[in-house]
Structure formats: C-alpha cells, structure tokens
Amino acid sequence: MESGSKMTARLMLAVGGAVLGSLQFGYNTGVINRPQKVIEDFYNHTWLYRYEEPISPATLTTLWSLSVAIFSVGGMIGSFSVGLFVNRFGRRNSMLMSNILAFLAAVLMGFSKMALSFEMLILGRFIIGLYSGLTTGFVPMYVGEVSPTALRGALGTFHQLGIVLGILIAQVFGLDLIMGNDSLWPLLLGFIFVPALLQCIILPFAPESPRFLLINRNEENKAKSVLKKLRGTTDVSSDLQEMKEESRQMMREKKVTIMELFRSPMYRQPILIAIVLQLSQQLSGINAVFYYSTSIFEKSGVEQPVYATIGSGVVNTAFTVVSLFVVERAGRRTLHLIGLAGMAGCAILMTIALTLLDQMPWMSYLSIVAIFGFVAFFEIGPGPIPWFIVAELFSQGPRPAAFAVAGLSNWTSNFIVGMGFQYIAQLCGSYVFIIFTVLLVLFFIFTYFKVPETKGRTFDEIAYRFRQGGASQSDKTPDEFHSLGADSQV
C-alpha cells in the first residue's frame with residue numbers, strides 16, 4: 001500500500017474512538033424492543049401507585065409509543081443541529097461535548113424505576129435521541145476528514161458497523177437471562193454510560209480533523225503535524241496541497257447556509273443525491289423485515305424465535321464487514337445498486353412466501369432465507385453508503401449544512417416508518433413488501449442515473465465536477481456524469 005494510505009495506530013485510534021458514538025446510536029435504536037413487557041409493567045405499577053387504579057390500555061399504548069418515538073424526535077432535532085457545533089468547536093471536541101447528553105440520559109433512564117417516574121425514562125429517551133442525531137453527523141464527518149482517500153470508503157463503513165454492533169449488543173443484553181428482566185432493565189437502559197465514558201477516555205488522545213485545522217482555523221502547522229501522525233509518514237505535501245486548494249475555493253464562496261444548498265445550482269444536485277440516498281436507507285423496508293422476523297420464525301417452528309432474530313443481527317454485522325472490505329474495490333455506486341436490486345428480489349420472495357404460508361407451511365423456510373438475504377443486501381449497500389457519501393459529495397464549506405439536511409431526512413423518514421408501518425401492515429398484510437419493492441426499484445433507477453462514483457477521488461475533485469456541471473448538471477448524460485469515477489474503475 002502506498003505511503004500515506006496505510007492504516008496507522010493513530011488513525012485507528014481516531015476512527016475507533018469516534019465510532020463508539022455510532023455504537024451508542026445502534027444500541028439505543030434496538031434496546032427498547034426486547035424489554036417492552038417489563039417496562040409496560042413498570043408503567044402500570046407506577047400509575048397504580050400514583051392514582052390507585054390500573055392504567056388503561058389506551059394510555060399504556062400511548063406512553064409506550066411515546067417512549068419509542070421520542071427517540072426519533074430527539075434525533076431529528078440533534079441531526080439538524082450538527083452545524084452549530086462542528087464549525088465552532090471542531091469535529092473531535094463536538095463528539096466529546098455531546099457525551100454530556102449521554103451521561104444525563106443514562107442517569108435519567110437508569111434511575112427511573114427507583115424514582116417511580118416513567119417521565120424520567122421518556123425524557124432520557126429524548127435526550128439520547130438528541131445525542132444520536134448529533135452523532136449521525138459528527139462521526140461520518142470526522143472519519144471522512146481524517147481518512148486518506150484510498151481508505152475513506154472502508155473507514156466510512158465503520159460508522160454503520162458501529163451501529164449494527166450496537167443493535168446486536170442490545171439484542172443480546174436484552175435477553176431475559178441477562179438484563180431484559182424485571183429487576184435489571186434499568187441497568188440495560190443505563191448501560192449507555194459505559195461507551196460514553198470510554199469515548200471520553202479515548203478521544204482526547206485522537207487528533208482534531210486536519211481539514212478543520214487548516215481550512216476552518218488556518219492552522220497549517222497543526223494540520224501538518226496531525227497529518228504526519230495520521231498517515232505515518234513525513235511527506236504529507238499532497239494532502240496539504242489538496243486541502244489548500246479546497247480552502248482557496250472555499251474563500252471564493254460565500255458562507256453556505258441550508259437554504260443555499262437548495263438555491264445554488266452547484267449544490268442542488270449533490271444535496272438531492274444525499275437526501276434520496278438517506279431515504280433509500282430508511283424506506284427500503286429494513287425496519288419492516290425486523291418487525292416481521294420474530295413472527296415468521298415462530299410460524300416456521302423455531303422454538304426460541306428471539307435467538308433467530310439475534311441470528312439476523314449477526315448476519316447484519318457480518319455483511320457490514322463484507323462491505324468494509326469491498327467498498328474500495330467495487331465502488332460506492334456499484335455496491336448501492338447491488339444492495340437495492342438484491343433487496344427488491346428478496347422483498348418479492350418474502351411477499352410470495354408470506355402469501356402462501358397458510359397453504360404451504362414450508363414457505364416459512366423460504367421467508368427465513370429471504371429475511372437473511374434482505375438484511376445481507378442492505379448491509380452491502382443501503383446500510384453503510386448513505387452515511388459517508390455525504391462527506392464525499394461536499395467540500396469543507398457546505399459539508400456541515402449538508403450533514404444537517406441529510407441527517408434530518410434520515411431521522412424524519414425513520415420516524416414516519418416507525419409511526420406508520422404497523423397501520424400499513426394491518427391494511428396490506430403480507431403485501432406490504434410490494435410497497436417496499438416499488439420504492440427499492442425507484443431508488444435503483446435514481447442511483448443508476450444520478451449518483452456518481454466517488455471511489456478514489458479527493459473531496460476537491462468530486463466538488464469540482466459538480467461546480468463544473470453547475471446548473472446544466474441535470475442535462476448531462478449518465479455516461480458523462482459517471483465519468484466522475486471512470487478512471488478509477490480501470
């Protein structure tokens with residue numbers, strides 16, 4: 001591997017410390033599902049203690065739905081606030097500061113049972129949602145800016161790997177025999193204190209983003225020193241030259257606001273791509289598959305369906321690792337297309353299997369294969385790629401605003417799916433996956449015609465292509481647009 005493009009200890013420390021925030025996001029996404037019954041019992045017990053009457057089913061459903069959905073509301077607000085922190089405090093320091101929210105949420109949720117307060121639990125879920133929303137901007141941005149061009153895709157996938165590992169840990173810890181029981185569920189929710197503490201210990205030893213130091217702070221000597229440590233070489237002239245060119249371009253541009261992303265022809269195309277890729281992740285049907293998985297495993301005769309669900313979490317993690325190793329060879333666009341096409345095929349298989357399940361019980365095994373296939377294809381493309389490609393599509397100036405918009409798109413679609421899926425599933429039954437198949441095909445078409453290949457390109461080279469296209473970008477043919485990564489394919 002060429003000098004400056006190798007994995008160094010300092011680079012691994014920086015990425016590893018950052019993705020602890022991604023793990024927190026994944027953990028808090030999955031942790032609330034397993035202990036639902038014991039937490040609802042706690043709500044009922046608290047209500048009975050306060051009002052001397054059992055809680056009504058409608059009120060209990062409302063409180064539980066609020067406990068789940070408030071996490072996404074916090075995420076929406078947090079993701080939209082990314083730009084307020086990263087330019088003022090830096091990328092690394094913003095991640096460190098956000099752990100205040102994680103510690104506060106851990107205390108509120110961990111002591112909610114002792115205080116007989118479901119309000120503390122709900123408030124804690126909102127605060128950890130704020131933290132997670134910030135994390136979905138901070139981590140991919142920081143990792144993208146500290147990584148060498150040749151490793152940017154592979155290291156960018158670590159954000160998604162952290163998320164799926166967090167979900168898997170939550171599934172395992174949520175088992176009744178570990179912490180998903182009546183006595184230990186507060187510890188399950190308060191466990192977020194541990195990764196927050198670890199991140200506070202590790203990140204002070206990680207460097208600030210060299211791009212932030214040079215382009216935002218004009219501290220060239222510090223940026224040069226950081227680059228030497230990150231790259232493991234004394235010759236960082238090419239990195240510095242690329243950053244200086246980006247800095248000169250940024251000085252010629254006025255400050256980029258969120259509205260400017262949509263008004264300017266130069267930014268309109270990349271922000272549209274960023275938004276649609278985020279939607280392709282959340283509207284792909286992955287949450288629907290996890291929702292259906294336990295009932296499908298039960299119908300197929302699996303005695304402990306929860307362990308089969310954990311098995312799908314293992315597949316989730318394993319194929320994220322696969323994506324990590326192939327993303328720099330195959331390219332982002334190619335993997336995203338493969339993932340979308342594979343998911344559409346598996347969604348059709350699931351629809352057929354679920355429709356014929358009552359007449360042909362063996363179809364349950366086909367549905368299990370389809371579930372594992374769906375999850376695997378998700379982690380090959382739509383899972384990891386939308387997160388880090390935002391950093392690649394934008395230069396230093398508009399990047400924070402772009403992450404705010406992309407993050408808000410992701411969290412909003414997550415919230416909509418979370419709130420609306422059960423109603424759609426009741427209405428459509430097993431045919432619900434036809435809706436996701438149509439969406440996946442539409443996302444495939446958009447990706448094929450509009451999304452460029454960014455593999456092997458510097459941030460400035462990618463931004464230059466969009467600047468060159470400007471308002472006429474949409475008039476380019478697919479072949480011209482895809483030339484962005486053509487020479488890296490040969």
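Just so you know, glycine gets a Cβ as well, placed from its N, Cα and C.
Checking the candidates Gln24, Gln36, Gln160 against Swiss-Prot: the one annotated together with Gln281, Gln282, Asn287, Asn316, Glu379, Trp387 at the D-glucose site is Gln160. Each of Tyr49 and Gln396 belongs to a differently named topological domain in Swiss-Prot, hence to opposite sides of the membrane. Contact between the transmembrane segment (185-205) and the transmembrane segment (90-111) is supported: at least 3 Cβ pairs lie under 8 Å, counting only residues 6 or more apart in sequence. The stretches the transmembrane segment (365-387) and the transmembrane segment (155-175) meet in space: the count of Cβ pairs below 8 angstroms, excluding pairs fewer than 6 apart in sequence, reaches at least three.
With pairs at least 6 apart in sequence, the transmembrane segment (155-175) and the transmembrane segment (401-421) have fewer than 3 Cβ pairs within the 8 Å limit; the two do not touch. If you take every residue in the topological domain 'Cytoplasmic' (206-270) and average the pLDDT, you get 89. Beyond the ends of the transmembrane segment (271-292), by six or more residues, the same chain brings 261-262, 309, 312, 336, 340, 343, 347, 350, 354, 371, 374-375, 378, 382-383, 385-386, 389-390, 393-394, 402, 405-407, 409-410, 413-414, 417-418, 421-422, 425, 432-433, 435-436, 439-440, 443, 446-447, 450-452 to within a C-beta distance below 8 angstroms of the stretch.
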